[in-house]
Amino acid sequence: MKVTKADIVISAVKPEQYPDSDLPEIALAGRSNVGKSSFINKILNRKKLVRISSKPGKTQTLNFFLINEMMHFVDVPGYGYAKVSKTERAAWGRMIETYFTTRTQLDAAVLVVDLRHQPTKDDIMMYDFLKHYEIPTIIIATKADKIPKGKWQKHLKVVKETLAVEIGDEIVLFSSETGLGKEEAWKAIHKMTKTKNA
């Protein structure tokens, strides 16, 4: 998809702050510093739309981006950062649970994982959470450029088996450096939005 317009609309922490819109929404989740911001910037053809932080756990709000006046991307705060206090972690949990369980505009989620490593307990928990609430999920296995091409399938198998990926959920090999998987990611996103609104 050709992105001609991408703007941040609002940073929200509670439902009354969410955009008053019927446009489909795609939530983007992932561990702190997994490369989620780089993924968003790459797929939207923007270098600095989403700030890439060297400090894990920096995003503490749901950031809504309006794409081509057609849909919203919702950047969810990164999880799994050990130095976040229990109070902050609990607040984060409540915020995302409220969004995922009440937002009718939500069509699907994108879960960004690092292809180089086995998904963590937090990755598994996040995927299970999405499945518990029956949210269609696209898994973006990023940093593919850091692994020899001949080992991609082996690493994909580990991701698939560790998360126990359900039938219907797609896994897309991705690289923010080379742009690998960009078209496939957009195809998967369109499929999810069309499927739900068909």
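Even glycines carry a Cβ here, placed using N, Cα and C.
A 10 Å cutoff on Cβ-Cβ distances gives Gly30 (GTP binding site) a total of 27 other Cβ atoms nearby, all chains included. Feature annotation from Swiss-Prot assigns GTP binding site to 30-37, 57-61, 75-78, 142-145, 174-176; the stated evidence is sequence analysis.
Positions annotated as Mg(2+) binding site by Swiss-Prot, on the basis of sequence analysis: Ser37, Thr59.
When pLDDT values are averaged over the domain 'EngB-type G' (22-195), the model yields 90. The domain 'EngB-type G' annotation in Swiss-Prot covers 22-195.
Least packed by the Cβ count within 10 Å, out of the binding-site residues Asn33, Thr61, is Thr61. Sequence-distant contacts of Lys36 (GTP binding site), defined by Cβ-Cβ distance under 8 angstroms and a gap of at least six in the same chain, are Leu28, Ala29, Gly30, Asp75, Gly78, Val112.
In the three-state DSSP reading, Ser37 (Mg(2+) binding site) counts as helix.
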